[in-house]
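The domain 'Brix' feature in TrEMBL is assigned to 31-234. Taken from TrEMBL, the feature region 'Disordered' applies to 270-306. Residues annotated as compositional bias 'Basic residues' in TrEMBL: 277-286. Annotation source TrEMBL lists compositional bias 'Basic and acidic residues' at 287-298.
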Amino acid sequence: MDALDRVVKPKTKRAKRFLEKREPKLSENIKNAMLIKGGNANSAVTQVLKDVYALKKPYGVLYKKKNITRPFEDQTSLEFFSKKSDCSLFMFGSHNKKRPNNLVIGRMYDYHVLDMIELGIEKFVSLKDIKNSKCPEGTKPMLIFAGNDFDVTEDYRRLKSLLIDFFRGPTVSNIRLAGLEYVLHFTALNGKIYFRSYKLLLKKSGCRTPRIELEEMGPSLDLVLRRTHLASDDLYKLSMKMPKALKPKKKKNISQDTFGTTYGRIHMQKQDLSKLQTRKMKGLKKRPVERIAEDQERKSKRMKKN
C-alpha cells in the first residue's frame, strides 16, 4: 500500500483544514499545475518552464530539481507528484538527441493521467528578451484560438481543450473592462502551433468604448505536435460528468436558445371568436332583413329539437 493512499487521521486543527481542502466538492478548487523538468533538460526548456510558471502564478508549482522520468513510458512518478502537490495539470520539459527541446503537457483525473500531448519547441523568445511592462501576478488571461485544425482534427481538438484547462485560471461571475489585461493567442497553421502572449492597452478613442492596442509581452513559442496519449471516449465522458446537484433544474414551458434568450410557452383554452368584442362600425351592422332571416333560422332549429 502506498504511503499516500492510506487513511490519515488529522491530529491538529491545521491538518484537519488541510485534508478538508482536498476532499471532493461539488464546486472543485482552482486547478493547479506542476511544472517539472526532466533529468536532461537544457537551459531553453528550463526557461520555458519558468516563463509558463510566471503566467500561471499563483496556481502553479515549479519543481527546481531534475526528475529522471519518461511520461509516455512510466506515469507513476507524475501521479505521485500530482497527489503530493494536489495538482491536476502538469508540464514536463526534457531534451535529448531523438526529441530535442521537448514539452509534455497533460492533465489528471482522479490522480491518474487522462490526456497527454507531446510538443516540440522550434523557436522560443523569453519573457526577459521582450523589454516591455508585464501583467501582475494572478491576472486571468483571454484565450484566442485561430485555425481550422482546432475544430477538425481530433488531436488538435483535444489539445485546444487541454490548453483552455491549463491557462483559464479561476472562474469569475463578473468582468470589468480594466481587468482585461493580456491575451494568449494560439494559431494552428501548416502543422505548427504558434503561441503568442500580448498585453492589452486601452487608449483614448473619443467615445465611450476605448481603442485597443496589443503589445507583445512574451513568451513566444513555435511548437510542433509530436506524440499523443489521449483518454478513451468513455473515460473522457466520465471525467466531464457534472454532479446532479449542479445541474440546473428544468422548468416547464421555459426554454433558452444558443444566445441565452429565454422563451416561455403559454397554454390557453380554445377561444370562441364569434363572441370576440370588435370595434363597432356602422358599416358592419346587420340589416333588418338579415336579422329577420337569422331569427327564423333560430326558431326552426328550436322546433326541430323539440
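From the backbone N, Cα and C atoms, a Cβ is placed for every residue, glycine too.
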Per-region confidence, the domain 'Brix' (31-234) (mean pLDDT, whole number): 90
Secondary structure composition of the compositional bias 'Basic and acidic residues' (287-298) [DSSP: H/G/I, E/B, coil]: 11 helix, 0 strand, 1 coil
